[in-house]
Amino acid sequence: MAVMDQSKIRNFCIIAHIDHGKSTLADRIIEMTGLLTSREMQSQVLDNMDLERERGITIKSQAVRTVYRAKDGEEYIFNLIDTPGHVDFNYEVSRSLAACDGAILVVDAAQGIEAQTLANVYLALDHDLEVFPVINKVDLPSARPDWVANEIEDVIGLEAHDAPRISAKTGLNVEDVLEAIVHKIPAPNGDPQAPLQALIFDSLYDSYKGVIIFCRVREGSVKKGTKIRMMATGAEEEVVEVGYFGAGQFIPCEELSAGMVGYITASIKNVKDTRVGDTITDADRPCESPLPGYKKVTPMVYCGLYPADGARYNDLRDALEKLQLNDASLFFEPETSIALGFGFRCGFLGLLHLEIIQERLEREYNLDLVTTAPSVVYRIHKKNGDIIDLTNPSNMPDPSEIEYMEEPVVSAEIMVTTEFVGAIMTLCQERRGIYKDTEYIEGGRALLKYDLPLNEIIYDFFDALKSRSRGYASFDYELKGYEQSELVKLDILINKEEVDALSFIVFSGSAYERGRKMCEKLKDEIPRHLFEIPIQAAVGGKIIARETVKAMRKDVLAKCYGGDISRKKKLLEKQKEGKKRMRQVGNVEIPQKAFMSVLKLDNE
Ligand SMILES: Nc1nc2c(ncn2[C@@H]2O[C@H](COP(=O)(O)OP(=O)(O)OP(=O)(O)O)[C@@H](O)[C@H]2O)c(=O)[nH]1
């Protein structure tokens, strides 16, 4: 079979700030283009497709191939590669970009440039992508396309006056975007005869096909029977099938050659062997070196996940194992807590990632979970020279053994209208931010640059930012490194017993206030018992705050004496149901949601 004509391929992605219309535009592009080239339609590809159709798979793919018949009468193959929009997934964004030759920058005609617009453009330019802007949502009454075009030119330096002005929602002028893809995004190059060199930008597990790898072939070609090697892990397998993804289905093809984007299946059992960012080569004729940029992703945020019903520990483990197949950046290992029993310490890229996993466990695997407060990874330098990466506050060594501690710090960029600059600077200062720089941008906005400790932003920083700027501020960050800090472990004692799952690490200057707030919060969360319950916060054995839950003597049945028995039963049932959501610590019952209290300390 003839090698694919590279000049007719366009590999690109869409980048945008959240909500500027990336997904809507992607849907519109897919809708306005076809599935197969006229030549492919005549071949037997369709038979294979029916098979897929029978299985009724609906997988959201990271890469969709469509065919566009351009105004010049030629057919172009578009590979639209999805990029995650959230800062948690910066590394993944970077991998997706590395698979592209160009990017469409979508900017909302009413909002203009925002923090993630900039962050994504810089990432795209770092990867030498050709970036062209599109001004979206021109149908909105508040749209200011001329103003936004100026802004794009001034702030980013991209030519924007001929930028398509579209409504991804109504389809207005989206055709211009399709033409711009053909004319502005370069065709791929690469030698189909050279040794295979392909970048893995995503992989997923399908119970029918096994591991499916999405890749961009840079050099050489790959087809059924090729023995491939993953250069970072060394895993080797024979290719079972190659193809691409279009209109919700996997469409097998004969081979993938230089410039093409598609999928490979091989009898790989373990998704861990196929790491995003790794390079695939031909085991029998390997390329000299891997493509640049492979880096192991490290979780930034850890928390404990426990089954609400201890008997479901094994179910939780199975579910985590399955999720990990799809998501190499999810980390977990068994841990035990005195308060919560058997569970897992899990690592995530960020809070959003944590929420996604938590929701999937609850929805897809029907698990009821208790989650402990998320924590960043602290680095402890011990007096004996040992260095510990601390992912669980309970494992903190005795302070007398610690020389000093470090915490992760990020460089953050916050875009805000000038009237809110003061409010946002105050917020950053409260969060121990170190001011770096301000850039004023035409149109009354400023880009503030701060270094901030990660642990000050993972919980509710984004919400605080929004509320103090009436929704106008936008935010982006990347990990800068570790810096020395005065940190202490704050313990919580309930009825004089330390509750390990409630301990957290905190900046020493904030310990008193956070301890006080935590006690107040827990006082609200813990129901009254037949006895008085002291709630105390302590640092290094010294009590720094205290609240008391008063005793009560309430018999739930008292309310309905004389009532009929079924009503009594109902009440008792309800109480039993309520108990399931409680954790027994000593002789105190703590509601499960109390374990997340630390997250809500800043809510006024
Ligand atoms: N009026 C108008 N609304 C639009 C247009 N394009 C997108 N929207 C709306 O804007 C919102 C965000 O659009 P999405 O396509 O989900 O934005 P996104 O950038 O993919 O957002 P994330 O998926 O959160 O990153 C949705 O409610 C869309 O319906 C448009 O051209 N005009």
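The backbone N, Cα and C atoms fix where each Cβ goes, glycine too.
Curation plays no part in TrEMBL annotations; they are all automatic predictions.
Note that the coordinates shown come from a computational prediction; the quantities given were computed from them, not determined experimentally.
Feature annotations, courtesy of TrEMBL:
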- 7-189: domain 'Tr-type G' (DOMAIN)
- Asp19, His20, Gly21, Lys22, Ser23, Thr24, Asn136, Lys137, Val138, Asp139: GTP binding site (BINDING)
For this session: Using a 10 angstroms cut-off on Cβ to Cβ distances, just flag whichever of Ser23, Asn136 is the loneliest among these binding-site residues.
Result: Ser23
Exercise. What count of other C-beta atoms do you get within 10 angstroms of the C-beta of Asp19 (GTP binding site), across all chains shown?
Worked result: 15
For this session: Would you report the average pLDDT that the model assigns to the domain 'Tr-type G' (7-189)?
Result: 84
For this session: Mind giving me a neighbour count for Gly21 (GTP binding site)? Other Cβ atoms within 10 Å of its Cβ, every protein chain shown.
Result: 23
Exercise. Tell me which residues of the chain lie with their Cβ under 8 angstroms from that of Val138 (GTP binding site), as long as they are six or more apart in sequence?
Worked result: Ala109, Pro145, Arg165, Ile166, Ser167, Leu172, Asn173
